[in-house]
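Written below as structure tokens is the structure these notes are about.
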Amino acid sequence: MDVLDGVPRTVLGYPVKTRTQVVMTFLVPVIFETMVYIVLTTADVLVSVEHFRNGNPSWGWFTLSLIWLPSVVCFCAIVSTPERWPEQIGCDRRTGQFLFKNIAILLLFPLAALYRFNRRIFWSIEALFHDKGSYGRAQSIAKILETSPCELYHFLQAFLQAAPQMMLQLYILLRDGTFRNYDTVTVQVVSVVFSFLTMATIITTYQRFESQKVVGRCYPWSTSEQATCRRKELLRTTSTVESALAQTPSIAPEIDPVVPNIMRNFYSRYGSEFEQESAGTAGEGSIGPRKTLNVDAINFNREQSKGYRDPYVNFTDDAKLEISESDTVDDEGYKSKMLTGRSVSFKVHDTVHELREMDRYLRSTEDLRNVTDDSDDEYLKPDGFDAVPKRPAPPTPEAGVFHRVSIFRHMLLHNAENFIKEKVPRLPQGMFDHHPEPTGKPARKDQTNESDQTDGDAISLPSRRQTIVGLEQDDMAGKSVLFVGWVMFLLMRMLSLSTFYVFFPLFFWMLCANHYLLMIACIVYEVRMHEKLERYFFYLFLAYMYVFSLLEFKIRFIHVRWWYIGYIGIVLLENVAMLVVWCNLGSFESWWFYFLHHTIIVSGVLSLMCFLFYYAFLRAKDKVLFVNETA
């Protein structure tokens, strides 16, 4: 397995080198995330300090609590997970070390996050100094991809710190009399801007995480044992398209099992006669009558075979007699023509090249697919072997076409059966049972494999395969466009909510509550009540995330297009409604609100254009894995 498996190998359709993969996938994103995290944390601390200085302790404590909230939730999630605790139950040394480590991360979470970012930067640079396929490159990539609880903290920071912090600071900025202190306004603006960047980064990273997870991606905060087991299980139970095509039987003429059966029948019927005659003539020392076949390259050329003539047409009878008398018998017991080399004996005189030519000639006839034991004489009779075929030979198709057609056919059959099983109630028993029913007569041991060794009457076709369709990760161009789109989308959403809250706080909470309940209803309908109980508690938090953005996280969307079209349509409708209401019914005189009015419209249009461009040209391709039947 390649250490860069799952990492995009192309940018805008053009293949890139492995060092470019490392730079674009690991080094550049982690440097950007590190800078955004440092600025955001520093700006939030300065905002809380400014609120205390300005005599607003409530805003200061609320801002400070939002900084600690992701770390506290991350600590609770790690401690409440039994898989993360040491194996031995009780208060031993390892248990104490586990608790001390997580408490230290809780208290010193900025240092822990910076350590994680710097570690990834170091190993990303280290990977650039090693060649492709080397041990050092593999170890460096493994260090970059190793899991850490700090990744969970970074994920929670976007929705527990950045989102509410953004809403709070925008509300304070839009209130009357907030532009008196220049220092406070500056750090608030910086905090809002980098909160946008933090949320857009996390949303872009985990946008289609569940579809990517089913084909190999793991949670970056899971334990190393869980990640290893997940990769091993995926490798054991699935196979890629390339390996499946290599193992799938083909109906192409190059590997058709009919031809070897026909050749076996031919040798079984005529080989014994050749052996007896060759042995008899060798023992007597005289040359007697024998059965030969004229095999030459011209016999296998359809165009030239029509005008083929006897090679001895220009020879006189005396010359033919001299040629026949010049035959010699070698030590191995077979005869060869010294002058013409036209006659070929089927005992030893059949060289590899001639056998391949005969094999290709037999494959090129179109009636061999339905040949039976009674029809072998028509094609394999030695006396008429040189005759021109009655029907022209069809062109030999390429094997790859049959591979793709057969696999596509099996996928359609499998999807149709699954659709019928899900939609049609009370199906007849055994309707989709593809195994033959027992007839009541026990088969003998010597007859168990007779059906597998056909005599050319049947053609072996590949069986249906169950497939897993996931999604590959986006390349650098796709991530960049998607990132800009989500920045514009969040800007439109946050400005609409904050401005509407300034004028109509009661209707703001009513709108958010209705949106939240609608998202819960959609999530419950999507999972169809088939998930575990602990998942439902997470869905309450997931519905809160859907107030700001949409993520395929922890649940896999069955109808992906309807989810995204419906969500973006609902959010645009809400934003337009809020914009119309506060512009017409709100009382304001500052030019700042007119500027916000135009900013909301422009950002909404730009985000929609980025999403459409990404979906049309840059979206990641589907990744298909075949389920191994033996797993």
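Every residue gets a Cβ built from N, Cα and C, even glycine.
Look at TrEMBL and you will find 22-47, 59-80, 100-117, 185-206, 507-525, 537-558, 564-585, 592-617 tagged as transmembrane segment. What TrEMBL lists as region 'Disordered' is 373-397, 430-458. Feature annotation from TrEMBL assigns compositional bias 'Basic and acidic residues' to 373-384, 432-448.
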Same chain only, please: residues at least 6 beyond the ends of the transmembrane segment (537-558) with a C-beta under 8 Å from a C-beta of the stretch. Say none if there are none.
159, 163, 199, 203, 206-211, 214, 486, 489-490, 493-494, 512, 515-516, 519-520, 523-524, 526-527, 531, 564, 567-568
Would you kindly list the residues that approach the transmembrane segment (564-585) from elsewhere in its chain, counting only those six or more residues past its ends and only Cβ-Cβ distances under 8 Å?
489, 492-493, 496-497, 499-500, 502-504, 507, 511, 515, 518, 546, 550, 597, 600-601, 604, 608, 611
Taking contact to mean three or more C-beta pairs under 8 angstroms, with sequence separation of 6 or more, is the transmembrane segment (22-47) in contact with the transmembrane segment (507-525)?
no
Do any residues, 6 or more residues outside the transmembrane segment (507-525), come within under 8 Å Cβ-to-Cβ of it, and if so which ones?
497, 500-501, 539-540, 542-544, 546-547, 555, 563, 570, 574, 578, 581
Looking only at residues six or more beyond either end of the transmembrane segment (100-117), which have a C-beta under 8 A from one in the stretch?
30, 33-34, 37-38, 41, 68, 70-72, 74-75, 78-79, 148-151, 153-154
With Cβ-Cβ distances below 8 Å as the criterion, list the same-chain residues six or more beyond the ends of the transmembrane segment (185-206) that contact it, or say none.
32-33, 36-37, 39-40, 43-44, 46-47, 50, 154-155, 157-159, 161-163, 165-166, 169-170, 172-173, 178-179, 479, 482-483, 486-487, 490-491, 494, 548-549, 551, 553
